[in-house]
């Protein structure tokens, strides 16, 4: 509960007077509220022996609540999970079956969020309205994507994905199904490939928080539970699979990505036996059920993204990394009421894109975006840094620092990638391919005492920085 004006239907105290009452429940037919422990036990199913038993129940046990205003005999009804309803309860269900019953998310509510629906994020309607405002389905050919990559600054759908180099192996090619036809990869087949016990983070859409599941649990939820029987809306957006044998060649990125991935370019430059592991961000499988929503965010380090829809559909709203938009984004991240604010209404110059099965989508560096899933979807995508976007990437990393993004959600080994990039630039002819502003920002970044990088071809970080500064002077005199 967050509102200070709502009073308990039974004790009449509002939430500023509730003396630590742990749980509120909301009527599914009006805006009535009450403390769980205030519900008279004669109105509770299953039948309880004394009121103190209500203290043992938590928000997860609440199935539904109807206040006294919706019963001719002024009876309320609180149903708790795992209950077999009796004759009177069945009659209640029949009388009200045509009502617009909207299941309440009691877990989100008692974690400090306002009253909301279990199967719809509170920003969904605002997102859809904003989507119509900015809808602009721009496309580009694969050949143009490759030839013009350095100057592309807007999100674009690739009109001919089959010619882009993008490839995702099929279930029949993996021998998972006996068919000569193309059978798309799905959650069921993914579970067979990676194993029932493979761990993954599953996001609860309402709270935007992750839970630890196994693939078998996710498969049961996604593949074998009907939408009406799913307890909550969930999605998986952080399953990286580049290390999986079946996907090393079984997933291939677009040529434009392979040609411009900064880690690919610099990682093996001057490599030593003691080098740390290459960042694993190149191949993700993303799985969402219908009505899933991911609120506005920046991909770590402002990375560019490729996004291939294997099945289902997606809706994106994206905003460019202008100074104005990034300022609003920082303010929103720092706002204690962040979850109650739809950021899309505050940003400028948006682009909205709807993606369907087979589509390939490219998101440039630094775009602030939110994603809605109209139907169950299975996606293959990945992130990559570029030489083109050095300054914007460094700006986003600074925003991550300012907004205290946990290290787990930042680009892995980013410091090493930037250090290797500097050494690669100084030992090649590629220094001319970036601006003096980019070099100045690299110098500023590496000069921070918080950045720990041990150069491969220089005695110290200080010597590396000195060489970079000398390059800036040469730029200024040419």
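Residue 1 is the first one shown; counting continues down the chain.
A Cβ is built for glycine as well, from the same backbone N, Cα and C atoms used for every other residue.
Binding of Fe cation is attributed by Swiss-Prot to 297, 299, and the same site annotation extends, among 243, 369, to 369.
The Fe cation site is defined by 297, 299, 369, and by the 8 Å test on Cβ atoms against their centroid, the other residues of the chain that qualify are 294, 296, 298, 363, 367, 368, 370. The separation of residue 294 (substrate binding site) from residue 369 (Fe cation binding site), Cα to Cα, is 9 Å. According to DSSP, residue 299 (Fe cation binding site) sits in a coil region rather than a helix or strand.
Counting every protein chain shown, the Cβ of residue 297 (Fe cation binding site) has 17 other Cβ atoms within 10 Å.
Cβ environment of residue 299 (Fe cation binding site): 305, 363, 383 lie under 8 Å away, each six or more residues apart in the same chain.
If you take the Cα of residue 314 (substrate binding site) and the Cα of residue 297 (Fe cation binding site), they are about 16 angstrom apart, rounded to a whole number.
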